Amino acid sequence: MRRVAIVGAAMTKFGEEWERGFRDMIAEAGVKAIDDANMSGKEIDAIYGGTMAAGRLIGQEHITALIADYMGLNPIPATRVEAACASGGVALRTGYLAVASGLHSNVVVGGVEKMTDVPVGEAAVALGGAGDQEWELFMGATFPALYAFMARRHMHEFGTTEEQMAMVAVKNHANASKNPYAHFQNQITLRDVMKSKKVADPLKLYDCSPITDGAAAIILAPLDKAREYTDVPVEIVASSQASDTLALHHRKSLTTLNATVVAARNAYGMAKVKPNDIDVCEVHDCFTIAEIIAYEDLGFFKKGKGGKAIEDGETALDGRIPINTSGGLKGCGHPVGATGVKQAVEITWQLRGEAKERQVKGAEIGMTHNVGGSGATCVIHIMKRAD
Amino acid sequence: MVGIVGYGVHIPRYRIKSEEIARIWGDEGGGVKDGLGIMEKSVPGMDEDAATMAVEASRNAVRYCNINPKRINAIFVGSESHPYAVKPTATIVAEAVGATPHLTAADMQFACKAGTTAIQCCMGMCTSGMIEYGLGIGTDVSQGRPGDALEYSAGAGSAAFIIGNDGVVAEIDGTYSYTTDTPDFWRRPGMDFPSHGGRFTGEPAYFKHTVNASKGLMEKLGLKPSDFDYAVFHQPNGKFPIQVAKMLKIEVGKVKQGLLAPLIGNTYSAASLIGLASVLDVAKPGNRILVTSFGSGAGSDSFCITVTDRILERRGKNRNVIQYIGDKEYLDYGMYVKQRRTLKTL
Amino acid sequence: MSSVTMGLPMTWRRIPERYGLIGSECESCKTKYFPVRKICPKCRRRGKMRDLKFCGRGKVYSYTVIHSPPSGFELETPYTMAIVELEEGPRLTAQIVDSDITDVKIGTLVQMVFRKIQEDGKEGLIHYGFKFSVVK
């Protein structure tokens, strides 16, 4: 297998982008990423696009052909990848495999979701498709409800508190306020979170990631050619993916995502690093409890100690292992299909030393953790600065 | 002899007090409430309808006698609030109790007496040998127009009776019906609420049919009022059954056990049947029970039922009427309006 | 599930499971499944599945009270949902009704009841099935 590097990275401003549509956003992110890689576009061999629910959200399928068209990249092959909220991460892995295999050299990986063209209720129904439609959503469960089931068990088994979960939101808003691309630019207090409207008890509005529009793109190239395009190549040293039951209730435990545990184990093995070696990490905090569980499943903290870790500031920007410097899904926003790619954009910027106010000093190894649904898909990438 | 093999009821958990309805409509003196003899009525949950309650009652009935539901060869569901205008409730019940597919099934509608007619149909089919067991159900989630006297009484409930020739806990000694065309109460298609003839629903409708059916039954069987230990009548309110007992010269005390309208209102097709279930919950072997339903439009079905020894073995197998009545949560009028979805009419 | 035609065969196919808690048991490895599975994920082609009716009793494994409902559930809000662990082992997701919210805890005993789950508007199909209530 060839070694693969990220040579270009870009994203649109995340938020409620009323004036921009699906095709505007992905074209913008893609073209900016090609620019970032100092390419003309002719060098690109293939596109992999991650989007979860374009069919429900904008009534459009066949979206990667559309993306290739709007980026002026016809007639290269354009492939859509779908794995619910992990669509972006799995698209990145698919692009990685294409370059690693030697089949393609330079590949665009895009992630996009346009979520505000439909009413919030419609968007929620579309997102519900990430769970078991017939046996969870149909019965009246919502995505916040599924994560509330996990939160309730985590509280029951480990004594995790609602305040600790709220601290995740406070930290991620603080990081987002330093990220000009983030959906939320404001800091919030613990009290704001605790007083926010109940959504699915014990989760409150500020425990939940928002409905966001946005797109992100990454350019991949073989590592040995990467210097033609960038001064600071970022090598993908591990790409790993795992699956689990679609319905949450079929899992043995609700306080761990086995797909994360397995994907992490394989990723650490592939990259030959340990959790301690990771300098900066973007985890899938679709709900605050998800970030706490990710701390544990990724091996940064012992099982049950995730709540304590956030409370002790271990994962803050100046903590032992800064997590979600972009603001995460909670602060930066969660345009579902874009999220996994955006995580890679943030880690690329961190490893290149371009993250400005939120830069983690001396970051050399970074990680992205992207989850689909309530944990039926998990995709993990470990990146290393290769200058 | 043909009789009741098993029975079960379902009464929703929610209640509204007559005083609370009176508070909204300015009847502070309690005139309507006192006139009806209803203290509170049952209100279905947001996710309950005539079909769901019929299933709950039927499952209780099957549990009571512990028969294989595949031996139920006929299901008739009597209701004036079937969830579909076209599409049977009976198939939903049949599937949910596990009686499908080798059976016949149909819905019935005769205002408040379709449940007892369903039982008569089962009796006939059992007696003729057409079927082994039949399931007759009365179930209703009736609506009363906001502010109308019916709003104080229209309750919700369900009762299911498994009829057969073997293993009966109570024999049905005979039945007699009295039917005329008397338009005292009706609902036209597409209308949310029924219309009624006010005081016309009393003497020429309820009393005439209930009394004549009961008398006809006694005459047919050669019985007199004093031969009965209990009497259950249709109960559109808490007062009519007492009056009818007096007219028939039946001791008022014999009506009490089966008179539930004061506590759950008028459960329409289920009303006389929940009353019968309440009597069966306490009756001793050998007790004789008179049951007479009434359905507007109008007609009455009267039954003479004698309890057998087997009832003692079965008792306690089930959640009984008193337990259902005791488990309750009160709604205020605002919640009631939301739960019954009557807001649109205001 | 707002379209009348889309939900129709889907809901019909599920009637035995939704009405009667019919699931599966693998005769080879004795694992019980709800809902029905045609293939045992443990034994795959060596497995032999048969229908199994679950008794309808269980206990709450986890729960939540939903204040922000999906469309179709607005009138019932707030409502309680739980992951219920059936007596026979498998777990499922269902609403808890007819019960005081404060009575629902991890470990609370519950039993199946039959209710309306969703309606396709005023003209469409009514979807019935299991919910649970706290054992009294």
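Each residue, glycine too, has its Cβ placed from N, Cα and C.
TrEMBL lists B:E28, B:C112, B:S153, B:T201, B:H234, B:N266, B:S296 with the feature (3S)-3-hydroxy-3-methylglutaryl-CoA binding site. TrEMBL lists B:E80, B:H234 with the feature active site, proton donor/acceptor. Marked as active site, acyl-thioester intermediate by TrEMBL: B:C112. Annotated CoA binding site per TrEMBL: B:R199, B:K239, in sequence order. Marked as domain 'Beta-ketoacyl-[acyl-carrier-protein] synthase III C-terminal' by TrEMBL: B:218-300.
Locations of recorded TrEMBL features on the structure.
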| residue | record | DSSP (3 states) |
| --- | --- | --- |
| B:E28 | (3S)-3-hydroxy-3-methylglutaryl-CoA binding site | coil |
| B:E80 | active site, proton donor/acceptor | coil |
| B:C112 | (3S)-3-hydroxy-3-methylglutaryl-CoA binding site | strand |
| B:S153 | (3S)-3-hydroxy-3-methylglutaryl-CoA binding site | helix |
| B:R199 | CoA binding site | helix |
| B:H234 | (3S)-3-hydroxy-3-methylglutaryl-CoA binding site | coil |
| B:K239 | CoA binding site | coil |
| B:N266 | (3S)-3-hydroxy-3-methylglutaryl-CoA binding site | strand |
| B:S296 | (3S)-3-hydroxy-3-methylglutaryl-CoA binding site | coil |
By Cα-Cα distance, the member of recorded positions B:E80, B:R199, B:K239 nearest B:C112 ((3S)-3-hydroxy-3-methylglutaryl-CoA binding site): B:E80
Number of Cβ atoms other than its own within 10 Å, given for B:R199 (CoA binding site): 10
B:E80 (active site, proton donor/acceptor) versus B:H234 ((3S)-3-hydroxy-3-methylglutaryl-CoA binding site) - Cα distance in angstrom: 15
Binding-site residues (B:H234, B:K239), the one with most neighbouring Cβ atoms at 10 Å: B:H234
Fewest-neighbour residue among recorded positions, criterion Cβ within 10 Å, set B:E28, B:E80: B:E28
Sequence-distant neighbours of B:T201 ((3S)-3-hydroxy-3-methylglutaryl-CoA binding site) in its chain (C-beta under 8 A, six or more apart): B:D184, B:F185, B:P236, B:S296
Distance, B:R199 (CoA binding site) to B:N266 ((3S)-3-hydroxy-3-methylglutaryl-CoA binding site) (CA atoms, angstrom): 17
Longest CA-CA distance among B:E28, B:C112, B:S153, B:T201, B:H234, B:N266, B:S296, per record bound to (3S)-3-hydroxy-3-methylglutaryl-CoA, angstrom: 30
Entries of B:E80, B:R199, B:K239 which, being recorded positions, have CA atoms within 10 angstroms of B:S153 ((3S)-3-hydroxy-3-methylglutaryl-CoA binding site): none
Euclidean distance between Cα atoms of B:E28 ((3S)-3-hydroxy-3-methylglutaryl-CoA binding site) and B:E80 (active site, proton donor/acceptor), Å: 31
Distance [Cα-Cα, Å, rounded] between B:R199 (CoA binding site) and B:E28 ((3S)-3-hydroxy-3-methylglutaryl-CoA binding site): 22
Other CB atoms, at most 10 A from the CB of B:S296 ((3S)-3-hydroxy-3-methylglutaryl-CoA binding site): 26
Integer average pLDDT (0 to 100) for the domain 'Beta-ketoacyl-[acyl-carrier-protein] synthase III C-terminal' (B:218-300): 98
Rounded Cα separation (Å) that holds between B:E28 ((3S)-3-hydroxy-3-methylglutaryl-CoA binding site) and B:K239 (CoA binding site): 20
